[in-house]
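Per TrEMBL, the features are as follows:
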type: TRANSMEM; residues: 147-164; note: transmembrane segment
type: TRANSMEM; residues: 184-205; note: transmembrane segment
type: TRANSMEM; residues: 217-239; note: transmembrane segment
type: TRANSMEM; residues: 251-268; note: transmembrane segment
type: TRANSMEM; residues: 280-300; note: transmembrane segment
type: TRANSMEM; residues: 312-336; note: transmembrane segment
type: DOMAIN; residues: 450-559; note: domain 'Histidine kinase'
(Lines of atoms letter the chains of each structure in order from A and count residues from 1; the text may use other names and numbers.)
(Lines give C-alpha, C1' and ligand atoms only; values in the text may rest on other atoms or scores of the structure.)
Protein backbone atom coordinates (compact mmCIF):
# COMPACT_ATOMS: atom_id res chain seq x y z
CA UNK A 1 0.00 0.00 0.00
CA UNK A 2 2.86 2.40 0.79
CA UNK A 3 4.33 1.75 -2.67
CA UNK A 4 0.98 2.65 -4.31
CA UNK A 5 0.81 5.90 -2.39
CA UNK A 6 4.30 6.87 -3.47
CA UNK A 7 3.49 6.15 -7.12
CA UNK A 8 0.30 8.21 -6.81
CA UNK A 9 2.24 11.24 -5.53
CA UNK A 10 4.62 11.09 -8.47
CA UNK A 11 1.67 10.75 -10.87
CA UNK A 12 -0.03 13.84 -9.42
CA UNK A 13 3.18 15.81 -9.72
CA UNK A 14 3.36 15.21 -13.49
CA UNK A 15 -0.37 15.80 -14.08
CA UNK A 16 -1.23 18.98 -16.10
CA UNK A 17 -4.42 21.10 -15.37
CA UNK A 18 -7.22 20.95 -17.91
CA UNK A 19 -9.94 23.46 -16.87
CA UNK A 20 -8.06 26.53 -15.79
CA UNK A 21 -4.48 27.49 -15.38
CA UNK A 22 -2.94 27.15 -12.02
CA UNK A 23 -2.56 30.53 -10.38
CA UNK A 24 0.91 31.54 -9.41
CA UNK A 25 1.66 31.43 -5.71
CA UNK A 26 2.38 34.94 -4.60
CA UNK A 27 1.68 34.26 -0.94
CA UNK A 28 4.70 33.87 1.23
CA UNK A 29 3.09 30.87 2.89
CA UNK A 30 2.72 28.92 -0.35
CA UNK A 31 6.07 27.06 -0.11
CA UNK A 32 5.13 25.96 3.40
CA UNK A 33 1.75 24.63 2.27
CA UNK A 34 3.38 22.75 -0.59
CA UNK A 35 5.89 21.17 1.74
CA UNK A 36 3.16 20.21 4.21
CA UNK A 37 1.32 18.29 1.51
CA UNK A 38 4.38 16.27 0.65
CA UNK A 39 5.03 15.51 4.33
CA UNK A 40 1.47 14.34 4.74
CA UNK A 41 1.87 11.79 1.95
CA UNK A 42 5.18 10.54 3.37
CA UNK A 43 3.68 10.12 6.82
CA UNK A 44 0.82 8.15 5.37
CA UNK A 45 3.28 5.84 3.57
CA UNK A 46 5.26 5.15 6.75
CA UNK A 47 2.08 4.48 8.66
CA UNK A 48 1.09 1.80 6.13
CA UNK A 49 4.54 0.22 6.37
CA UNK A 50 4.18 0.18 10.16
CA UNK A 51 0.86 -1.65 9.88
CA UNK A 52 2.33 -4.19 7.46
CA UNK A 53 5.11 -5.02 9.96
CA UNK A 54 2.58 -6.12 12.55
CA UNK A 55 0.20 -8.03 10.30
CA UNK A 56 2.32 -11.30 10.23
CA UNK A 57 2.79 -11.46 14.04
CA UNK A 58 -0.91 -10.99 14.48
CA UNK A 59 -1.46 -13.90 12.08
CA UNK A 60 1.18 -15.99 13.86
CA UNK A 61 -0.41 -15.30 17.21
CA UNK A 62 -3.69 -16.54 15.83
CA UNK A 63 -2.01 -19.71 14.52
CA UNK A 64 -0.16 -20.32 17.78
CA UNK A 65 -3.37 -19.92 19.78
CA UNK A 66 -5.11 -22.41 17.51
CA UNK A 67 -2.25 -24.96 17.80
CA UNK A 68 -2.02 -24.50 21.57
CA UNK A 69 -5.74 -25.00 21.97
CA UNK A 70 -5.65 -28.15 19.84
CA UNK A 71 -2.69 -29.41 21.87
CA UNK A 72 -4.53 -28.91 25.17
CA UNK A 73 -7.64 -30.69 23.90
CA UNK A 74 -5.63 -33.66 22.62
CA UNK A 75 -3.61 -33.85 25.85
CA UNK A 76 -6.83 -34.08 27.86
CA UNK A 77 -8.18 -36.79 25.54
CA UNK A 78 -4.91 -38.74 25.78
CA UNK A 79 -5.06 -38.64 29.58
CA UNK A 80 -8.64 -39.88 29.51
CA UNK A 81 -7.74 -42.77 27.22
CA UNK A 82 -4.84 -43.65 29.49
CA UNK A 83 -7.06 -43.68 32.58
CA UNK A 84 -9.42 -46.07 30.78
CA UNK A 85 -6.58 -48.56 30.22
CA UNK A 86 -5.48 -47.77 26.68
CA UNK A 87 -1.82 -47.86 25.67
CA UNK A 88 -1.00 -44.22 24.88
CA UNK A 89 2.81 -44.37 25.05
CA UNK A 90 3.39 -43.54 21.37
CA UNK A 91 0.81 -40.74 21.46
CA UNK A 92 2.48 -39.28 24.55
CA UNK A 93 5.83 -39.30 22.76
CA UNK A 94 4.30 -37.39 19.82
CA UNK A 95 2.82 -34.84 22.18
CA UNK A 96 6.30 -34.34 23.70
CA UNK A 97 7.66 -33.73 20.21
CA UNK A 98 4.85 -31.23 19.61
CA UNK A 99 5.90 -29.25 22.69
CA UNK A 100 9.41 -28.91 21.26
CA UNK A 101 8.04 -27.74 17.89
CA UNK A 102 5.76 -25.16 19.50
CA UNK A 103 8.62 -23.80 21.63
CA UNK A 104 10.63 -23.35 18.41
CA UNK A 105 7.60 -21.61 16.73
CA UNK A 106 7.34 -24.35 14.11
CA UNK A 107 3.54 -24.19 14.13
CA UNK A 108 2.98 -25.82 10.75
CA UNK A 109 4.93 -28.94 11.71
CA UNK A 110 3.27 -28.97 15.13
CA UNK A 111 -0.16 -28.81 13.49
CA UNK A 112 0.67 -31.74 11.22
CA UNK A 113 1.88 -33.79 14.17
CA UNK A 114 -1.24 -32.95 16.16
CA UNK A 115 -3.29 -34.10 13.18
CA UNK A 116 -1.56 -37.49 13.39
CA UNK A 117 -2.25 -37.59 17.14
CA UNK A 118 -5.93 -36.87 16.49
CA UNK A 119 -6.12 -39.72 13.96
CA UNK A 120 -4.40 -42.06 16.41
CA UNK A 121 -6.86 -41.17 19.14
CA UNK A 122 -9.78 -41.81 16.80
CA UNK A 123 -8.45 -45.25 15.85
CA UNK A 124 -7.70 -45.93 19.48
CA UNK A 125 -11.29 -45.08 20.40
CA UNK A 126 -12.58 -47.72 17.97
CA UNK A 127 -10.52 -50.44 19.75
CA UNK A 128 -11.03 -52.04 23.14
CA UNK A 129 -8.67 -51.27 26.04
CA UNK A 130 -6.49 -54.01 27.50
CA UNK A 131 -7.63 -55.45 30.83
CA UNK A 132 -5.71 -54.14 33.81
CA UNK A 133 -4.11 -57.49 34.63
CA UNK A 134 -2.96 -58.09 31.07
CA UNK A 135 -1.56 -54.58 30.83
CA UNK A 136 0.42 -55.08 34.04
CA UNK A 137 1.79 -58.42 32.78
CA UNK A 138 2.92 -56.81 29.52
CA UNK A 139 4.64 -53.98 31.38
CA UNK A 140 6.48 -56.39 33.68
CA UNK A 141 7.51 -58.54 30.73
CA UNK A 142 9.02 -55.45 29.15
CA UNK A 143 10.84 -54.63 32.41
CA UNK A 144 12.25 -58.16 32.73
CA UNK A 145 13.22 -58.19 29.07
CA UNK A 146 15.12 -54.93 29.52
CA UNK A 147 16.95 -56.31 32.57
CA UNK A 148 17.95 -59.52 30.81
CA UNK A 149 19.17 -57.57 27.77
CA UNK A 150 21.38 -55.45 29.98
CA UNK A 151 22.71 -58.48 31.85
CA UNK A 152 23.53 -60.08 28.51
CA UNK A 153 25.37 -56.89 27.46
CA UNK A 154 27.43 -57.00 30.68
CA UNK A 155 28.30 -60.69 30.21
CA UNK A 156 29.34 -60.20 26.59
CA UNK A 157 31.53 -57.18 27.32
CA UNK A 158 33.23 -58.96 30.24
CA UNK A 159 33.79 -62.13 28.20
CA UNK A 160 35.33 -60.40 25.19
CA UNK A 161 37.31 -57.76 27.10
CA UNK A 162 39.03 -60.27 29.38
CA UNK A 163 40.15 -62.29 26.37
CA UNK A 164 42.19 -59.29 25.20
CA UNK A 165 45.70 -59.65 26.58
CA UNK A 166 46.19 -55.98 27.51
CA UNK A 167 42.93 -55.79 29.44
CA UNK A 168 43.60 -59.15 31.10
CA UNK A 169 46.99 -57.87 32.28
CA UNK A 170 45.30 -54.79 33.78
CA UNK A 171 42.64 -56.88 35.48
CA UNK A 172 45.16 -59.25 37.13
CA UNK A 173 47.59 -56.60 38.41
CA UNK A 174 48.08 -56.71 42.17
CA UNK A 175 49.71 -53.36 42.86
CA UNK A 176 48.33 -49.90 41.93
CA UNK A 177 51.62 -48.68 40.43
CA UNK A 178 51.62 -51.60 37.99
CA UNK A 179 48.65 -50.23 36.03
CA UNK A 180 49.55 -46.54 35.86
CA UNK A 181 50.54 -46.76 32.21
CA UNK A 182 47.34 -48.62 31.33
CA UNK A 183 44.91 -46.27 33.13
CA UNK A 184 44.24 -44.29 29.97
CA UNK A 185 43.19 -47.47 28.16
CA UNK A 186 41.04 -48.52 31.11
CA UNK A 187 39.41 -45.09 31.21
CA UNK A 188 38.70 -45.13 27.48
CA UNK A 189 37.18 -48.64 27.54
CA UNK A 190 34.78 -48.11 30.44
CA UNK A 191 33.80 -44.56 29.45
CA UNK A 192 32.99 -45.78 25.93
CA UNK A 193 30.90 -48.68 27.25
CA UNK A 194 29.02 -46.34 29.60
CA UNK A 195 28.43 -43.76 26.87
CA UNK A 196 27.13 -46.40 24.45
CA UNK A 197 24.70 -47.80 27.04
CA UNK A 198 23.50 -44.31 28.01
CA UNK A 199 23.07 -43.34 24.35
CA UNK A 200 21.02 -46.44 23.60
CA UNK A 201 18.81 -45.72 26.59
CA UNK A 202 18.32 -42.13 25.42
CA UNK A 203 17.25 -43.30 21.95
CA UNK A 204 14.71 -45.73 23.39
CA UNK A 205 13.32 -43.88 26.41
CA UNK A 206 14.07 -40.23 25.69
CA UNK A 207 16.26 -40.29 28.80
CA UNK A 208 19.93 -41.03 29.35
CA UNK A 209 19.04 -44.48 30.64
CA UNK A 210 16.46 -46.41 32.59
CA UNK A 211 16.97 -45.45 36.22
CA UNK A 212 16.49 -48.92 37.68
CA UNK A 213 19.58 -50.37 36.00
CA UNK A 214 22.04 -47.76 34.80
CA UNK A 215 24.84 -49.53 32.94
CA UNK A 216 26.88 -46.34 32.76
CA UNK A 217 26.93 -46.33 36.55
CA UNK A 218 27.96 -50.01 36.60
CA UNK A 219 30.88 -49.47 34.21
CA UNK A 220 32.02 -46.38 36.14
CA UNK A 221 32.06 -48.44 39.34
CA UNK A 222 34.12 -51.16 37.63
CA UNK A 223 36.56 -48.54 36.33
CA UNK A 224 37.19 -47.36 39.90
CA UNK A 225 37.30 -50.92 41.24
CA UNK A 226 40.02 -51.96 38.79
CA UNK A 227 41.86 -48.70 38.12
CA UNK A 228 41.61 -46.90 41.47
CA UNK A 229 39.85 -43.81 42.78
CA UNK A 230 41.53 -41.32 40.43
CA UNK A 231 40.70 -43.29 37.28
CA UNK A 232 37.18 -44.02 38.50
CA UNK A 233 36.58 -40.40 39.48
CA UNK A 234 37.71 -39.11 36.07
CA UNK A 235 35.53 -41.69 34.33
CA UNK A 236 32.58 -40.57 36.47
CA UNK A 237 33.15 -36.87 35.70
CA UNK A 238 33.37 -37.54 31.97
CA UNK A 239 30.27 -39.72 32.14
CA UNK A 240 28.43 -36.99 34.06
CA UNK A 241 29.32 -34.42 31.39
CA UNK A 242 28.07 -36.81 28.72
CA UNK A 243 24.85 -37.28 30.71
CA UNK A 244 24.39 -33.51 30.85
CA UNK A 245 24.97 -33.36 27.10
CA UNK A 246 22.15 -35.88 26.58
CA UNK A 247 19.81 -34.13 28.96
CA UNK A 248 20.72 -30.72 30.32
CA UNK A 249 19.85 -29.97 33.92
CA UNK A 250 20.26 -33.53 35.20
CA UNK A 251 22.87 -32.55 37.80
CA UNK A 252 22.01 -35.33 40.26
CA UNK A 253 23.30 -38.02 37.90
CA UNK A 254 26.46 -36.01 37.31
CA UNK A 255 27.33 -36.30 41.02
CA UNK A 256 26.09 -39.90 41.22
CA UNK A 257 28.46 -41.01 38.44
CA UNK A 258 31.44 -39.15 39.91
CA UNK A 259 30.70 -40.67 43.34
CA UNK A 260 30.41 -44.19 41.87
CA UNK A 261 33.94 -44.07 40.43
CA UNK A 262 35.40 -42.75 43.70
CA UNK A 263 33.55 -45.36 45.78
CA UNK A 264 34.72 -48.22 43.55
CA UNK A 265 38.36 -47.12 43.85
CA UNK A 266 38.08 -46.59 47.60
CA UNK A 267 36.63 -50.07 48.18
CA UNK A 268 39.36 -51.69 46.04
CA UNK A 269 42.03 -49.92 48.08
CA UNK A 270 40.57 -50.37 51.56
CA UNK A 271 39.03 -53.84 51.35
CA UNK A 272 41.35 -55.81 49.09
CA UNK A 273 44.45 -54.00 47.76
CA UNK A 274 44.74 -56.45 44.84
CA UNK A 275 42.79 -57.24 41.69
CA UNK A 276 39.07 -57.27 42.48
CA UNK A 277 37.55 -60.53 43.71
CA UNK A 278 33.92 -61.55 43.83
CA UNK A 279 33.25 -60.41 47.38
CA UNK A 280 34.85 -57.03 46.71
CA UNK A 281 32.62 -56.65 43.65
CA UNK A 282 29.55 -57.44 45.75
CA UNK A 283 30.55 -54.83 48.33
CA UNK A 284 31.23 -52.19 45.67
CA UNK A 285 27.90 -52.82 43.93
CA UNK A 286 26.05 -52.72 47.24
CA UNK A 287 27.56 -49.39 48.34
CA UNK A 288 27.19 -47.70 44.92
CA UNK A 289 23.63 -48.96 44.48
CA UNK A 290 22.65 -47.65 47.93
CA UNK A 291 24.29 -44.30 47.18
CA UNK A 292 22.47 -44.10 43.83
CA UNK A 293 19.12 -44.99 45.35
CA UNK A 294 19.33 -42.51 48.23
CA UNK A 295 20.43 -39.58 46.06
CA UNK A 296 17.94 -40.25 43.25
CA UNK A 297 14.83 -41.42 45.13
CA UNK A 298 15.05 -40.33 48.78
CA UNK A 299 13.56 -36.88 47.93
CA UNK A 300 10.42 -38.70 46.68
CA UNK A 301 9.58 -40.26 50.05
CA UNK A 302 6.86 -37.71 50.85
CA UNK A 303 5.20 -37.67 47.43
CA UNK A 304 5.35 -41.41 46.62
CA UNK A 305 5.27 -42.91 50.08
CA UNK A 306 7.92 -44.51 52.26
CA UNK A 307 7.18 -48.14 51.33
CA UNK A 308 7.10 -47.48 47.56
CA UNK A 309 10.40 -45.60 47.54
CA UNK A 310 12.04 -48.24 49.75
CA UNK A 311 10.95 -50.95 47.33
CA UNK A 312 12.36 -48.99 44.40
CA UNK A 313 15.69 -48.42 46.18
CA UNK A 314 15.93 -52.08 47.19
CA UNK A 315 15.34 -53.21 43.59
CA UNK A 316 17.92 -50.74 42.29
CA UNK A 317 20.55 -51.87 44.84
CA UNK A 318 19.96 -55.55 44.05
CA UNK A 319 20.21 -55.05 40.26
CA UNK A 320 23.33 -52.87 40.32
CA UNK A 321 25.09 -55.13 42.86
CA UNK A 322 24.33 -58.15 40.71
CA UNK A 323 25.58 -56.33 37.58
CA UNK A 324 28.99 -55.50 39.09
CA UNK A 325 29.29 -59.03 40.46
CA UNK A 326 28.40 -60.62 37.10
CA UNK A 327 31.10 -58.67 35.26
CA UNK A 328 33.83 -59.62 37.76
CA UNK A 329 32.66 -63.24 38.04
CA UNK A 330 32.64 -63.70 34.26
CA UNK A 331 36.10 -62.14 33.96
CA UNK A 332 37.55 -64.34 36.71
CA UNK A 333 35.87 -67.38 35.20
CA UNK A 334 37.45 -66.74 31.79
CA UNK A 335 40.89 -66.24 33.38
CA UNK A 336 40.54 -69.45 35.43
CA UNK A 337 39.39 -71.37 32.36
CA UNK A 338 42.38 -70.18 30.32
CA UNK A 339 44.79 -71.15 33.11
CA UNK A 340 43.17 -74.54 33.51
CA UNK A 341 43.39 -75.28 29.79
CA UNK A 342 47.07 -74.36 29.70
CA UNK A 343 47.81 -76.47 32.76
CA UNK A 344 45.88 -79.41 31.33
CA UNK A 345 48.14 -79.36 28.27
CA UNK A 346 51.20 -79.36 30.51
CA UNK A 347 49.95 -81.85 33.10
CA UNK A 348 51.45 -85.04 31.59
CA UNK A 349 54.88 -83.46 31.24
CA UNK A 350 54.67 -81.96 34.71
CA UNK A 351 53.78 -85.33 36.22
CA UNK A 352 56.74 -86.91 34.47
CA UNK A 353 59.12 -84.24 35.75
CA UNK A 354 57.51 -84.55 39.15
CA UNK A 355 58.34 -88.25 39.32
CA UNK A 356 61.80 -87.71 37.88
CA UNK A 357 62.58 -85.05 40.46
CA UNK A 358 61.00 -86.69 43.47
CA UNK A 359 61.69 -90.39 42.97
CA UNK A 360 65.34 -89.55 42.59
CA UNK A 361 67.51 -92.66 42.64
CA UNK A 362 70.30 -90.77 44.42
CA UNK A 363 67.93 -89.68 47.20
CA UNK A 364 66.57 -93.21 47.52
CA UNK A 365 70.08 -94.73 47.58
CA UNK A 366 71.26 -92.21 50.16
CA UNK A 367 68.23 -92.87 52.37
CA UNK A 368 68.70 -96.66 52.15
CA UNK A 369 72.42 -96.36 52.87
CA UNK A 370 71.66 -94.21 55.90
CA UNK A 371 69.14 -96.76 57.21
CA UNK A 372 71.62 -99.59 56.58
CA UNK A 373 74.32 -97.75 58.55
CA UNK A 374 71.93 -97.26 61.45
CA UNK A 375 71.02 -100.94 61.38
CA UNK A 376 74.70 -101.85 61.50
CA UNK A 377 74.98 -99.89 64.72
CA UNK A 378 72.11 -101.98 66.09
CA UNK A 379 69.72 -99.08 66.40
CA UNK A 380 66.66 -100.99 65.29
CA UNK A 381 64.12 -98.52 66.66
CA UNK A 382 65.66 -95.60 64.82
CA UNK A 383 65.95 -97.65 61.65
CA UNK A 384 62.31 -98.66 61.89
CA UNK A 385 61.30 -95.03 62.40
CA UNK A 386 63.25 -93.93 59.31
CA UNK A 387 61.76 -96.71 57.19
CA UNK A 388 58.27 -95.52 58.19
CA UNK A 389 59.20 -91.93 57.24
CA UNK A 390 60.59 -93.08 53.90
CA UNK A 391 57.45 -95.07 53.24
CA UNK A 392 55.22 -92.09 54.09
CA UNK A 393 57.33 -89.84 51.88
CA UNK A 394 56.94 -92.02 48.79
CA UNK A 395 53.33 -92.82 49.53
CA UNK A 396 52.44 -89.12 49.37
CA UNK A 397 54.27 -88.83 46.06
CA UNK A 398 52.93 -91.90 44.30
CA UNK A 399 49.31 -91.75 45.45
CA UNK A 400 48.79 -88.02 44.93
CA UNK A 401 46.07 -87.36 42.36
CA UNK A 402 45.22 -83.72 43.03
CA UNK A 403 47.61 -80.95 41.99
CA UNK A 404 46.77 -78.91 45.10
CA UNK A 405 47.70 -79.64 48.70
CA UNK A 406 47.05 -77.90 52.01
CA UNK A 407 49.97 -76.18 53.70
CA UNK A 408 49.54 -78.40 56.76
CA UNK A 409 49.91 -81.57 54.66
CA UNK A 410 52.89 -80.11 52.79
CA UNK A 411 54.65 -79.31 56.06
CA UNK A 412 54.13 -82.93 57.21
CA UNK A 413 55.62 -84.11 53.93
CA UNK A 414 58.62 -81.81 54.51
CA UNK A 415 59.03 -83.29 58.02
CA UNK A 416 59.40 -86.79 56.56
CA UNK A 417 61.99 -85.55 54.08
CA UNK A 418 63.95 -83.61 56.72
CA UNK A 419 64.11 -86.54 59.14
CA UNK A 420 65.72 -88.66 56.44
CA UNK A 421 68.19 -85.89 55.62
CA UNK A 422 68.86 -85.28 59.32
CA UNK A 423 69.73 -88.94 59.81
CA UNK A 424 72.14 -88.66 56.87
CA UNK A 425 73.93 -85.42 57.85
CA UNK A 426 73.42 -85.81 61.63
CA UNK A 427 74.99 -82.79 63.38
CA UNK A 428 75.83 -81.16 60.08
CA UNK A 429 72.15 -80.21 59.62
CA UNK A 430 70.33 -78.13 62.21
CA UNK A 431 66.59 -77.67 61.59
CA UNK A 432 64.37 -74.96 63.04
CA UNK A 433 60.67 -74.41 62.35
CA UNK A 434 58.59 -71.37 63.25
CA UNK A 435 55.01 -71.76 62.08
CA UNK A 436 52.56 -69.18 63.44
CA UNK A 437 49.35 -69.98 61.59
CA UNK A 438 45.70 -70.24 62.47
CA UNK A 439 43.57 -73.16 61.37
CA UNK A 440 42.58 -71.19 58.29
CA UNK A 441 46.23 -70.55 57.47
CA UNK A 442 47.13 -74.24 57.79
CA UNK A 443 44.33 -75.08 55.38
CA UNK A 444 45.57 -72.62 52.75
CA UNK A 445 46.26 -74.50 49.52
CA UNK A 446 49.32 -74.37 47.30
CA UNK A 447 50.39 -76.32 44.20
CA UNK A 448 52.33 -79.52 44.67
CA UNK A 449 56.09 -79.42 44.25
CA UNK A 450 56.55 -75.86 45.52
CA UNK A 451 58.00 -75.97 49.03
CA UNK A 452 59.88 -79.29 48.99
CA UNK A 453 62.23 -78.37 46.08
CA UNK A 454 63.15 -75.12 47.86
CA UNK A 455 64.06 -77.02 51.03
CA UNK A 456 65.99 -79.64 49.06
CA UNK A 457 67.84 -76.89 47.17
CA UNK A 458 68.82 -75.20 50.46
CA UNK A 459 70.29 -78.44 51.84
CA UNK A 460 71.94 -79.68 48.66
CA UNK A 461 73.45 -76.42 47.36
CA UNK A 462 73.67 -74.32 50.52
CA UNK A 463 74.44 -76.44 53.59
CA UNK A 464 75.99 -79.60 52.13
CA UNK A 465 78.70 -77.53 50.45
CA UNK A 466 79.57 -75.76 53.71
CA UNK A 467 82.20 -77.20 55.98
CA UNK A 468 80.55 -78.28 59.22
CA UNK A 469 77.00 -77.89 57.90
CA UNK A 470 74.64 -75.24 59.14
CA UNK A 471 71.10 -74.17 60.06
CA UNK A 472 67.95 -74.53 57.99
CA UNK A 473 64.97 -72.49 59.20
CA UNK A 474 61.42 -72.77 57.86
CA UNK A 475 58.98 -70.00 58.84
CA UNK A 476 55.32 -69.34 58.03
CA UNK A 477 53.01 -66.55 59.18
CA UNK A 478 49.83 -64.79 58.11
CA UNK A 479 50.00 -61.34 56.52
CA UNK A 480 46.59 -59.85 55.72
CA UNK A 481 44.87 -62.18 53.27
CA UNK A 482 48.06 -64.10 52.44
CA UNK A 483 50.37 -66.62 54.07
CA UNK A 484 54.08 -65.76 53.92
CA UNK A 485 56.49 -68.74 53.74
CA UNK A 486 60.26 -68.36 54.19
CA UNK A 487 63.13 -70.88 53.84
CA UNK A 488 66.47 -69.59 55.13
CA UNK A 489 69.87 -71.24 55.39
CA UNK A 490 73.28 -70.01 56.53
CA UNK A 491 75.16 -71.95 53.86
CA UNK A 492 77.64 -70.87 51.20
CA UNK A 493 75.21 -68.56 49.34
CA UNK A 494 74.71 -68.00 45.62
CA UNK A 495 77.24 -66.43 43.27
CA UNK A 496 76.34 -62.89 42.18
CA UNK A 497 76.14 -63.69 38.47
CA UNK A 498 74.02 -66.75 39.14
CA UNK A 499 71.75 -64.77 41.48
CA UNK A 500 71.26 -62.03 38.87
CA UNK A 501 70.40 -64.68 36.29
CA UNK A 502 67.78 -66.18 38.60
CA UNK A 503 66.29 -62.76 39.39
CA UNK A 504 66.12 -61.77 35.71
CA UNK A 505 64.37 -65.01 34.87
CA UNK A 506 61.99 -64.44 37.79
CA UNK A 507 61.15 -60.92 36.59
CA UNK A 508 60.18 -62.14 33.13
CA UNK A 509 56.57 -62.93 32.20
CA UNK A 510 55.63 -66.48 33.16
CA UNK A 511 56.27 -69.02 30.44
CA UNK A 512 54.72 -72.45 30.22
CA UNK A 513 55.92 -74.37 33.28
CA UNK A 514 56.78 -77.27 31.07
CA UNK A 515 58.59 -75.31 28.36
CA UNK A 516 61.97 -76.38 27.16
CA UNK A 517 64.83 -75.67 29.55
CA UNK A 518 62.66 -74.72 32.54
CA UNK A 519 63.12 -77.91 34.57
CA UNK A 520 62.16 -78.29 38.23
CA UNK A 521 64.07 -75.40 39.80
CA UNK A 522 63.63 -71.99 41.30
CA UNK A 523 62.60 -70.46 37.99
CA UNK A 524 59.98 -73.14 37.45
CA UNK A 525 58.61 -72.62 40.97
CA UNK A 526 58.32 -68.88 40.46
CA UNK A 527 56.57 -69.35 37.12
CA UNK A 528 54.06 -71.77 38.61
CA UNK A 529 53.26 -69.40 41.48
CA UNK A 530 52.53 -66.56 39.06
CA UNK A 531 50.67 -68.91 36.77
CA UNK A 532 48.34 -70.10 39.53
CA UNK A 533 47.85 -66.94 41.62
CA UNK A 534 48.79 -63.99 39.42
CA UNK A 535 51.73 -61.59 38.89
CA UNK A 536 51.83 -60.47 42.54
CA UNK A 537 52.89 -63.93 43.73
CA UNK A 538 56.55 -64.64 43.03
CA UNK A 539 59.77 -65.79 44.65
CA UNK A 540 61.85 -63.23 46.54
CA UNK A 541 65.47 -64.38 46.68
CA UNK A 542 68.20 -62.78 48.82
CA UNK A 543 71.67 -64.29 49.08
CA UNK A 544 75.15 -63.32 50.22
CA UNK A 545 78.31 -65.31 49.73
CA UNK A 546 79.37 -67.00 52.97
CA UNK A 547 76.23 -65.94 54.86
CA UNK A 548 73.48 -67.95 53.24
CA UNK A 549 70.31 -67.61 51.20
CA UNK A 550 66.71 -66.60 52.01
CA UNK A 551 63.82 -67.51 49.73
CA UNK A 552 60.37 -66.17 50.50
CA UNK A 553 56.99 -66.38 48.76
CA UNK A 554 53.32 -65.98 49.59
CA UNK A 555 50.08 -67.81 48.86
CA UNK A 556 46.49 -66.54 49.36
CA UNK A 557 44.56 -67.66 52.41
CA UNK A 558 41.61 -68.55 50.19
CA UNK A 559 42.12 -69.79 46.66
CA UNK A 560 39.69 -68.63 43.98
CA UNK A 561 37.72 -71.67 42.90
CA UNK A 562 37.82 -72.32 39.17
CA UNK A 563 34.42 -72.32 37.55
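Cβ atoms are placed via backbone N, Cα and C, with glycine included.
Residues of the same chain lying 6 or more positions beyond the ends of the transmembrane segment (217-239) and with a Cβ under 8 Å from any Cβ of it are 154, 170-171, 176, 179, 183, 186-187, 190-191, 193-195, 197-198, 256-269, 275-276, 280-281, 284-285, 288, 292, 320, 323-324, 327-328.
Taking residue pairs at least 6 apart in sequence, the transmembrane segment (280-300) and the transmembrane segment (147-164) share fewer than three C-beta contacts under 8 angstroms. Sequence-distant contacts of the transmembrane segment (312-336) (same chain, six or more residues past either end, CB-CB distance under 8 Å): 147, 150-151, 154-155, 157-159, 161-163, 168, 171-172, 211-215, 217-218, 221-222, 225, 276-278, 280-282, 284-286, 288-290, 292-294, 296-298, 560, 562-563.
This prediction places the mean pLDDT of the domain 'Histidine kinase' (450-559) at 81. Broken down by DSSP into helix, strand and coil, the domain 'Histidine kinase' (450-559) contains 37 helix, 32 strand, 41 coil.
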